[in-house]
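Okay, so here's the structure we're looking at.
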Amino acid sequence: MIPVPPLRHETLQWVPRHPQMYSKAEVERQTGEYAAALTPALAQWVPRLGGETMADVEEAALALREFDLHSLTLFGSADPTLAPMSAILLRTESASSSQIEQLTTSAKQLALAELDEGRKHNALTVVGNVRAMEAAIRLSATLDEPSILAMHYELLSRQPGVEHEAGRYREELVWIGNRDNAGPRGATFIAPQHRQVAAAVSDVVHFMRRVDVPALVQVAVAHAQFETIHPFVDGNGRTGRAIAQAMLRNKGLTTHTTVPLSAGLLVDTESYFSALTAYRAGDAGPIVRRFADAARYAAVTGRELVDSLAAELQRSREALSGIRSDSAAWRVLPRLIGQPVVNARYLVEALALTDATVVRALDVLVDRGVIVERTGFSRNRVWEHPGILGVLDSYAARIRRGV
């Protein structure tokens, strides 16, 4: 057990705001007292960690560092593939984080949405999570409230129906469970009153910025506290996991790539949610163990994912054997790791090439069997790398199986 101050509660009255929209029985059930959470201060909390826990988190932290170093060693800091590889790892993390919230999409649909070529609702929503993760990495040097609001803005500003809530703390009560009911009574968890949110987030930010707590313990506990505060109308979980990535980068556990930590949480969401419940009851042990397990899973499977993508890239390089070294096809190839579905417009903008040069490069890649054109159109064509998409979808399927 890792003791943390348990939640306290305040008793308040609830009267359904739109009673005419519910049955009389439901209105009666939801009229009366309810207990909203009061989050205790965390900024000065001193963790009491046993030897086994310390060893556990140190081993998990080392696994993250080794994964990060493996990615750098495999490609090298000057390799043009490193940035696209980092991008696809970030996208994989975003997709896994979204899937925890029951938002699923395929690697192809997500890549199409990135090009503005797809119209799948979930894919467009996950793109918002990609932008939030990008903001988390970009702002990781400054763990503060504006950074958190910026992450949330990137997350929700593209999500239909809640765009107006992007980057804003909530101004209403939220709860988990009973979302279709007339009120919070009987909900699994009732978050703090909205008037307490700003101070509670400020407190957890102070905790996040401390330098005297083991990094992975700090990430896990800050995440649990943030989820308990539930500062937004929507997107709390996804923002919280983006913050975790910012903290991993800020604390030096990752420096070059994005580790698929949410994949490690996704393989056992039941224990993840149970650990959050235990945290609210005063025990941070389960959430620390869950993050340590998730970190190890992410490091091991992330390394296998990177190796599989590198193998696909090598096969593509071999397919281009004999092509002149100054051919634009060689410049396009690394981009296919980070964006395995492309159109000409994307490559013109990303590589600062002319339309004609891009078309010639795509023709070379098609002729050599590296990519295929899927639309069959003479205009507005889209090309994809089947091997890379296959690797990404296989990884997603592995996570769903929990192996």
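The backbone N, Cα and C atoms fix where each Cβ goes, glycine too.
Fair warning: this is a prediction, and the values are worked out from it, not measured in the lab.
Under the heading domain 'Fido', TrEMBL lists 143-293.
As annotated by TrEMBL, active site applies to HIS230. Other C-beta atoms found within 10 angstroms of the C-beta of HIS230 (active site) number 24, with every protein chain shown included.
The number of other CB atoms found within 10 A of the CB of GLY235 (ATP binding site), across every protein chain shown, is 24. Among the features that TrEMBL reports, ATP binding site is placed at ASP234, GLY235, ASN236, GLY237, ARG238, THR239, GLY240, ARG241.
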Practice prompt. Ten-angstrom check, please: count other Cβ atoms within 10 Å of the Cβ of GLY237 (ATP binding site), all chains counted.
Written response: 22
Response to the item:
Same-chain, non-site residues whose Cβ lies within 8 A of the ASP234, GLY235, ASN236, GLY237, ARG238, THR239, GLY240, ARG241 Cβ center for ATP are SER97, GLU101, HIS152, LEU155, PHE232, ALA242
Worksheet item: Which of the three DSSP states, helix, strand or coil, fits THR239 (ATP binding site)?
Response: helix
Item to complete: List the same-chain residues at least 6 positions away in sequence whose Cβ sits under 8 Å from the Cβ of ARG238 (ATP binding site), in sequence order, or say none.
Response: SER97, SER98, GLU101, ASN129, ALA132, LEU155
Worksheet item: Of ASP234, GLY240, which of the binding-site residues has the most Cβ neighbours inside 10 Å?
Response: GLY240
Worksheet entry | Inter-residue C-alpha distance, ARG241 (ATP binding site) and HIS230 (active site) (nearest angstrom) | 13
Practice prompt. Sort out the sequence-distant neighbours of THR239 (ATP binding site) for me: same chain, 6+ apart, CB within less than 8 Å of its CB, listed by position.
Written response: ALA132, ILE148, MET151, HIS152, LEU155, PHE226, PHE232
